[in-house]
């Protein structure tokens with residue numbers, strides 16, 4: 001104990017203990033969900049918290065057949081919305097960061113002020129607009145609003161990051177005869193990869209997990225996204241915990257794996273002055 005005390009002061013040891021407790025509290029629900037995904041109804045009734053043999057791998061087969069169309073719909077909507085947000089935010093952020101023109105700051109603050117409007121206030125007008133455009137039960141009824149809602153925050157991030165890029169690089173490119181588009185694509189975009197990754201991750205999480213807009217736009221089961229589809233899945237398998245939790249895990253894995261792969265770029269983007277006005 002004396003050796004442990006010398007290596008870890010009492011305050012630091014207490015901090016580590018708190019962090020480990022928080023980690024266990026965070027991870028345990030997911031671990032419990034994994035255990036339950038391999039059980040049938042009787043196994044979960046008699047032993048709801050522990051591991052029970054035999055494992056029922058057929059739960060995953062059944063869950064996959066149910067959630068597969070939901071995941072495909074979600075991938076299409078998420079990819080299109082994220083691509084649109086990144087393109088528009090990058091171009092707008094580049095213009096607002098690298099060019100001086102009248103009312104530049106006013107335009108920027110008007111754009112980011114849109115972030116302060118609660119989304120629930122615009123829900124009814126948005127639904128009426130989607131209905132009038134005949135986009136009910138259409139992927140575009142989700143993609144358009146997601147892009148419109150995500151661009152202000154994207155501009156906020158991209159402009160703050162691109163303002164800190166060395167101006168000498170763009171001046172040298174201009175002297176070498178590079179066009180504005182070439183400077184944007186060959187200098188601004190590659191150097192902004194960390195913040196672009198951050199923007200991609202945040203929008204994928206928001207779009208993938210959104211339940212409010214899909215629940216009012218999508219009525220056809222064949223068009224539903226993961227968040228809304230899981231409600232149908234839950235009502236269908238409310239007593240069969242194995243397939244139910246297997247479906248939750250299957251729909252969570254893409255986000256988890258993507259974040260693990262891109263986590264370094266995400267952290268770099270968030271710690272590189274991305275939130276500087």
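From the backbone N, Cα and C atoms, a Cβ is placed for every residue, glycine too.
TrEMBL does not curate its annotations; it predicts them automatically.
It is 12-31, from the ranges 12-31, 32-51, that TrEMBL records as transmembrane segment. Contact count against the transmembrane segment (183-205) (Cβ pairs under 8 Å) is highest for 70-95, out of 70-95, 107-130, 241-262.
Nonlocal intrachain contacts for the transmembrane segment (70-95), taken as residues 6+ away from its ends with a CB within less than 8 angstroms of a stretch CB, comprise 111, 139, 142-143, 146-147, 150-151, 154-155, 157-159, 161-162, 184, 188-189, 192, 196, 199-200, 203-204, 207-208, 223-230, 233, 250-251, 254.
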